[in-house]
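If you look up TrEMBL, you'll see 31-112, 136-216, 244-327 marked as domain 'PDZ'.
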Amino acid sequence: KFEFNPKVGIDNPALTLTEDTDGEGVGEPRFYLLTKETTETFGFCLHEELGCQGHVIRQIELGGVAQRRGLQDGDRLLQVNGHFVDHMDHLRVVQKIKASGNQVLLAVLDGDSYEAAKSLGRDLSQLLPDDIRPRLCHIMRDKSGFGFTVSCPEGTKGTFQLSVLQDGPADRAGVPPGSWLLELNGDSVKSYSHTQLTKKLKQSGNKVTLLVASSAVEEFYRLRGLRVTAALADTSRLPFKARELHLVKGPAGYGFLLKEDDCSSGGVGQFLWEVDAGLPAERAGMKEGDRVLAVNGESIEGLDHEQTVHRIRAREDQVTLLVIDPASDEFYHSVGFGGSALAGE
């Protein structure tokens, strides 16, 4: 049995969501957005149990965020931040939750419905929406502009729908036609008038980052009273990427030093320094100043220097590191998407 108690915590009651089952056959999945402070926990354990299929919610803390939101003992976890996880290795699912940081969106199915669906041979992924993640899109202006126009109902604030020029900068950056604008350069547009939004766009210069949601995704969150945030976003279309480095130790070692230092985004992180020319680290693409996000596929969120070094040394002759360069790290922080969350992608 594997137990996991995520170290994260409190939620805004306005984000509560429950969905009733139909009372017949297989019930409907329920969605919960859990938000925490760093020192708190989500208030549940995730078990893998003999003779019991799936990732099982257990040990729900009395008065904790999981109980307040409505998670039930025996619920099966189907989705983490829009990723279907029922088929995944248990440790990988645990890592995804840990990498979520202070906020996670879970989809669960009650235990009886889960067992019934399995016995019927149903594909549980078909019970869930195709895509419930907003998108972060980074747009570079060209001679035609940003490649989108904004419409807003007269006399309203914060409701902006985008028309996207085919093959223009916004289209190439992944902005869905007809999508709704939620954030501009990391700031909510909820209180903006059309005039204020236009001014902010002009102040953005030659590049702008938008958090957008298609009509279907916007409706999904609106009907459930959930606020869409960048922490839940699909980042696959961004030019800023974490990099996976696979190192095989040579006679002189890996050829880098690890040091703990302050992050520009706050808190502390584990950084790579003194990368030796010609040794495995440099050949794998390591750069001085890269921050380590994960070691051998597991997030190091919350680990100190000594614990991280122990993870790196766990395999005698090789290690795989997920790292992010300073510019990309700063970008994700500026739009409210913690770089460490990329370890769960």
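Glycine residues also receive a Cβ, built from the backbone N, Cα and C atoms like all the rest.
Applying DSSP to the domain 'PDZ' (31-112) sorts its residues as follows: 17 helix, 31 strand, 34 coil. For the domain 'PDZ' (244-327), the model's pLDDT averages out at 92.
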